[in-house]
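> Would you mind keeping the following structure in view while I ask a few things?
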Amino acid sequence: MKYVVQEWLRITTLLFIAQAVSAMVLPNATLLEELLEKYMDEDGEWWIANVSRKRAITDSDMQSILDLHNKLRGQVYPPASNMEYMTWDTELERSAESWAETCLWEHGPASLLPSIGQNLGAHWGRYRPPTFHVQAWYDEVRDFTYPHPHECNPYCPYKCSGPVCTHYTQVVWATSSRIGCAINLCHNMNIWGQIWPKAVYLVCNYSPKGNWWGHAPYKPGRPCSACPPSFGGGCRENLCYREGSERPYSPHEPEEETNEIERQRSKAQDATAQSRPRTHSPSGSTGSEDSEKNEVISTQQMSQIVSCEVRLRDQCKGTTCNRYECPAGCLDSKAKVIGSVHYEMQSSICKAAIHYGILDNEGGWVDVTRQGRKNYFIKSYRNGIQSIGKYQSANSFTVSKVTVQAITCETTVEQLCPFQKPASHCPRVYCPHNCMQANPHYARVIGTRIYSDISSICRAAVHAGVVRNEGGYVDVMPVDKRKVYIASFLNGIFSESLQNPPGKQGIQSICCRLNQVDYKTGK
């Protein structure tokens with residue numbers, strides 16, 4: 001099951017994962033603020049954890065997660081007679097850390113799932129404490145109806161009026177008395193086909209596992225009236241409590257109280273990472289040794305980097321004038337914006353994007369579409385920018401948001417964004433690794449530099465030198481049909497030739513390599 005809750009004002013997508021259920025948080029914001037500051041050193045560089053460190057969560061975050069779980073477990077309704085006090089388990093923490101490091105939006109590992117419960121949460125954008133996810137899991141209680149004893153004959157019905165309630169039931173499962181969580185910063189996570197540049201990933205593992213089919217999460221009754229004998233009659237805040245169970249883990253030195261983000265890397269590796277896509281190396285043979293013999297690396301960009309003052313009239317030349325990268329701080333620029341919705345060609349590209357609401361003052365990517373002549377342009381004040389009115393005919397343009405979409409090795413432009421006159425804006429796509437090994441019958445490459453729209457986008461990108469076999473970001477631009485597509489062998493891939501394809505157009509795959517994309521805003 002997959003659960004999405006949209007908060008209209010913040011345009012936020014929520015997703016949380018209990019066993020066999022997924023969940024996350026996507027606020028429309030530009031910075032990770034306080035949380036990311038924890039993971040940066042004094043020079044502003046990402047902090048690199050020491051290999052010997054085992055902790056993947058700070059003591060303060062650990063304690064807040066644990067305290068909130070116990071608080072919520074003690075206040076269930078109807079009251080629980082056998083709800084056990086929850087303690088921290090370092091082994092569960094380590095297993096959560098191991099899974100968090102995979103940055104996969106699914107439950108795992110498969111070998112542990114039969115014996116543990118698991119809730120997952122993630123967000124990117126503005127700072128959210130880990131307890132935000134815990135509270136959201138619990139808030140599913142509004143859709144859950146507790147099964148009364150007379151309904152359990154012998155199995156209890158599962159009554160959930162919302163999309164999912166299993167996150168809540170795992171949090172309050174009476175016998176799930178141990179918890180261990182980890183937090184990891186994941187770069188370029190694939191979330192339901194969307195790429196999140198910097199996702200903060202929370203994994204919480206529970207033991208013994210909950211959510212057993214046909215069972216209620218706890219026994220109703222007077223608090224602590226049905227505690228297991230091993231608790232010796234102890235009760236704390238409506239929870240069955242065993243003396244000496246409050247801190248079963250060893251405290252760590254303050255300097256080690258920080259989340260592990262990446263493994264130790266040498267300066268040489270860091271320098272290499274700045275010039276290559278940050279993706280995991282595929283296992284096994286990739287064919288890269290052979291491709292080096294005919295390696296062609298494209299450094300041409302479809303998108304253009306512009307300043308706050310650049311006007312579309314100055315910059316828009318040729319077929320590539322559709323995507324621009326704007327810097328931060330354009331609200332302070334004196335550049336003019338003429339019009340509303342439709343902007344005159346002498347308008348600042350970046351300030352028009354802010355005026356329309358595509359970007360904020362942090363900058364980012366914007367798509368531009370030329371719209372031909374308009375008889376007049378209306379002034380308005382939006383998002384901190386006053387635009388100017390003009391009552392003379394002039395050429396115009398509109399702005400739109402640049403989206404990012406993950407695709408497969410077989411995805412084609414014909415499927416993704418077919419050509420439409422005068423032009424089509426395709427999303428920025430993220431190609432997976434190992435597309436060189438994809439079946440060439442299902443992932444064809446037709447052409448050289450300009451490819452037929454029935455070609456595999458990702459294999460064409462490898463062929464063109466836009467990305468390597470490790471995958472990465474690619475921009476594609478549908479263009480009008482071509483009569484001839486030329487075959488060639490480049491970067492380990494043979495492309496096909498084709499002449500006079502009926503009704504087909506070409507795709508111009510021009511570079512946007514991963515290290516050339518600045519995802520400051522995720523826009």
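Glycine too: its Cβ is placed from the backbone N, Cα and C atoms.
Below, the features straight out of Swiss-Prot:
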type: COMPBIAS; residues: 269-288; note: compositional bias 'Polar residues'
type: DISULFID; residues: Cys308-Cys326; note: disulfide bond
type: DISULFID; residues: Cys330-Cys350; note: disulfide bond
type: DISULFID; residues: Cys409-Cys431; note: disulfide bond
type: DISULFID; residues: Cys435-Cys458; note: disulfide bond
type: DOMAIN; residues: 66-206; note: domain 'SCP'
type: DOMAIN; residues: 403-505; note: domain 'LCCL 2'
type: REGION; residues: 246-298; note: region 'Disordered'
> Can you grab the distance from Cys330 (disulfide bond) over to Cys308 (disulfide bond)? Cα atoms, rounded to a whole Å.
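Cys308 (disulfide bond) has its Cα 5 Å from the Cα of Cys330 (disulfide bond).
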> Cys308 (disulfide bond) has how many other Cβ neighbours within 10 Å of its own Cβ?
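I count 20 other Cβ atoms within 10 Å of it.
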> Let me make sure I understand the structure: which of the disulfide-bonded residues listed (Cys350, Cys409, Cys458) has the fewest other Cβ atoms within 10 A of its Cβ?
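Output over disulfide-bonded residues Cys350, Cys409, Cys458: least Cβ neighbours within 10 Å is Cys409.
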> Express the distance between the Cα positions of Cys326 (disulfide bond) and Cys458 (disulfide bond) as a whole number of Å.
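Taking the Cα atoms only, Cys326 (disulfide bond) lies 26 Å from Cys458 (disulfide bond).
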> Enter the number of other CB atoms within 10 angstroms of the CB of Cys431 (disulfide bond).
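Result for Cys431 (disulfide bond): 30 other Cβ atoms within 10 Å.
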> Sort the residues of the domain 'SCP' (66-206) into helix, strand and coil with DSSP and give the three counts.
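Breakdown, helix to coil: 42 helix, 42 strand, 57 coil.
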> What disulfide-bonded residues among Cys308, Cys350, Cys458 are found with a C-alpha within 10 angstroms of that of Cys431 (disulfide bond)?
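Candidates kept after distance check: Cys458.
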> Among the disulfide-bonded residues Cys350, Cys409, Cys435, Cys458, which ones place their C-alpha within 10 angstroms of the C-alpha of Cys308 (disulfide bond)?
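The disulfide-bonded residues passing the 10 Å Cα test are Cys350.
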> Measuring Cα to Cα, how many Å separate Cys409 (disulfide bond) from Cys458 (disulfide bond)?
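If we compare the Cα positions of Cys409 (disulfide bond) and Cys458 (disulfide bond), the gap is 6 Å.
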> Could you find out if DSSP has Cys326 (disulfide bond) as helix, strand or coil?
strand
> Could you say whether, by DSSP, Cys431 (disulfide bond) belongs to a helix, a strand or a coil region?
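It is in a strand.
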